């Protein structure tokens with residue numbers, strides 16, 4: 001990348017998180033998402049800084065906005081984990097101490113202490129759980145149903161499927177978190193937070209990490 005331009009405010013640029021399903025943006029502190037087919041219609045005029053976990057969607061972005069810049073190499077997250085996804089790195093960069101849960105197409109759980117990533121695990125996303133039940137047995141092909149509590153044991157198959165799914169995710173998070181604060185992001189974050197008393201939803205968590213990375217790289221001026 002040539003001499004890096006410096007920006008004084010987030011209003012002057014666009015952050016982009018390219019996922020496996022959707023492409024997410026933060027522009028002027030507003031969040032929105034797009035399918036790859038609709039990118040050109042967005043008509044973004046400002047400079048785009050992005051991260052990506054999907055090569056095909058990244059190519060789609062660059063076809064529409066060829067000057068967009070990948071910031072993956074602009075920062076360093078202290079970790080011994082090999083192959084940590086860039087989206088997980090950015091979310092962890094935004095948390096100094098605590099547990100980071102990204103509840104998207106997969107559910108990732110990462111521990112951060114004093115800015116160092118200690119490790120983590122990956123679970124299927126809620127939609128993948130439902131798909132697995134469907135493939136396992138016809139009777140387990142049940143629609144997703146939100147639960148209000150895990151205190152009451154289910155008395156029908158639909159509730160039993162959803163109960164087992166949610167309990168397995170919540171138990172794993174609680175086992176790793178102990179009494180630490182839990183930061184949730186991703187599409188199912190708000191739903192899972194209802195079962196986690198020490199949690200907070202931070203829908204901008206990945207973008208907060210990207211902002212920190214840009215500041216560390218001198219691209220975004222610190223205030």
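Cβ from N, Cα, C; glycine included.
Source: prediction; values computed, not measured.
The Cβ of residue 105 (ATP binding site) lies under 8 Å from the Cβ of 19, 20, 21, 125, 127, 128, each of these being in the same chain and 6 or more residues away along the sequence. If you look up Swiss-Prot, you'll see 17, 18, 19, 20, 21, 22, 23, 24, 105 marked as ATP binding site.
Residues or ranges marked as substrate binding site in Swiss-Prot (evidence: sequence analysis): 81, 85, 86, 87, 88, 157. Its Cβ taken as reference, residue 85 (substrate binding site) is surrounded by 16 other Cβ atoms within 10 Å in the chains shown.
For residue 87 (substrate binding site), the Cβ neighbour count at a 10 Å cut-off comes to 25, with all displayed protein chains included. Here Swiss-Prot flags 87 as active site, proton acceptor, drawing on sequence analysis.
Listed in sequence order, 87, 88, 91, 108, 184, 185, 186, 189, 205, 206 are the same-chain residues six or more apart from residue 102 (K(+) binding site) with CB atoms under 8 A from its CB. Per Swiss-Prot, the feature K(+) binding site maps to 102.
Its own atom aside, the Cβ of residue 23 (ATP binding site) has 23 Cβ atoms within 10 angstroms in the protein chains shown. DSSP assigns residue 87 (substrate binding site) to a helix in the three-state reduction.
Within its own chain, residue 81 (substrate binding site) has 117, 119, 120 as residues 6 or more apart in sequence whose C-beta sits under 8 angstroms from its own. Its own atom aside, the Cβ of residue 19 (ATP binding site) has 20 Cβ atoms within 10 angstroms in the protein chains shown. Taking Cβ-Cβ distances under 8 Å and a sequence separation of 6 or more, the neighbours of residue 17 (ATP binding site) in its chain are 23, 24, 25, 26, 50, 51, 87, 90, 206, 207, 210.
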